[in-house]
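Visitor: Can you read through this structure? Questions will come right after.
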Amino acid sequence: MTYEVAIVGASGYTGGELLRVLAVHPDVNVKVVTSREYANKPVYYAHPHLRGIYPASLKFKRLDDPDQLSDVVGDVDLVFLALPHKVSLHYVPKALEVGYKVVDLSADYRLKRVEDYKTWYGYEHPYPDLLEKAVYGLPELYGDKIRGAQLVANPGCNATSSILAVLPPAAERIIDLDRIVVDVKVGSSEAGAKPYRGGHHPEREGTARPYDAEGHRHVAELEQVIRDYTGRDVKVGFTPHAVSMIRGSLASAYSWLTKDLAPLDVQRIYAKYYAGKKFVKIVRGAPMPYPDVKNVYGSNYAEVGFALDKRVGRLAMFAAIDNLMKGAAGTAVQNMNLMLGMDEDEGLKNLVPVRP
């Protein structure tokens, strides 16, 4: 069976990655793509690397308003919303009303608490009922719920790397939940296709700088997942850094052990949570003892690892992902697969990492 999908907001980096991945998916056809900037132009006008991959007849359609959604998109099985935050907000209820399954790649439905949107995004969420309905789309932790979902909220890239690193030790309470600090190094593609000072790659090349050091909004997702698994509220110190790579999100997290453990004990905890998870690799030992974004470049894989600093009783936790893949489009396709009843690695398993 071939499923048909639409990508609403397909001209950005995430839209381009969705198109790249879905081009090799054996059971999915991209029927509709939308973009106001590139309306009526073939997809390769926005994504030149896809010239000859998609037919010239697949052209961007213009979509200006949620009320136009069904007329523009037509009959499809699932819609990817790759729209900016606050724009996607009003497309989701319309898409659900029409009957589409939805993977929303914005932040508009990731958080369960209405008050968190006021705190982190500065607006009152108008659809609290849909926040309850939305499933947080990290398949490694919420796969069973995603399978039956109509609306999946794709996680943020820095949230994904941080959660994969921190969640197993936090859930098992082997670390002090009141003293967790996360440091993320992220590539310039996280800033999106439209350049601005600070996000534009020439401004980031050859340097590294912190930003949102008093609290990046992705930390709300990490705190929410820890709360789901431990039953208690936590506050995590979180600082991302803009670095000169283009792709990649490397989370380095730190906390203090609550019990005396050996490295093998910690490794078993990670294995407990990620055994059988097709896209998570636990990294230990030679030749590279810790996660490296270069090892997951262009793929949906995540590398996860740790270091146990016995001298001070500290656990360092690491995860490396490609921010455009496992941090966005790759996980979105993984979610789509689960929602449509396919194997979760379909269309993704053959996208092996690119190196060097």
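Cβ atoms are placed via backbone N, Cα and C, with glycine included.
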Visitor: Record says Ser11, Gly12, Tyr13, Thr14 bind NADP(+). Source is Swiss-Prot. Which of Asn323, Asn335, Asn337 does it list for that same site?
Guide: Asn323
Visitor: How many Å separate the Cα atoms of Tyr13 (NADP(+) binding site) and Cys157 (active site)?
Guide: 13
Visitor: In Å, how long is the longest CA to CA span across Ser11, Gly12, Tyr13, Thr14, Asn323, which the record gives as the NADP(+) binders?
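Guide: Across Ser11, Gly12, Tyr13, Thr14, Asn323, the widest Cα separation comes out at 17 Å.
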Visitor: Cα-Cα separation of Asn323 (NADP(+) binding site) and Cys157 (active site), in Å?
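Guide: For Asn323 (NADP(+) binding site) versus Cys157 (active site), the Cα atoms are 5 Å apart.
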Visitor: At a 10 Å cut-off from the C-beta of Cys157 (active site), count the other C-beta atoms across all protein chains.
Guide: 29
Visitor: So for Ser11 (NADP(+) binding site), how many other CB atoms are inside 10 Å of its CB?
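Guide: Ser11 (NADP(+) binding site) is surrounded by 24 other Cβ atoms within 10 Å.
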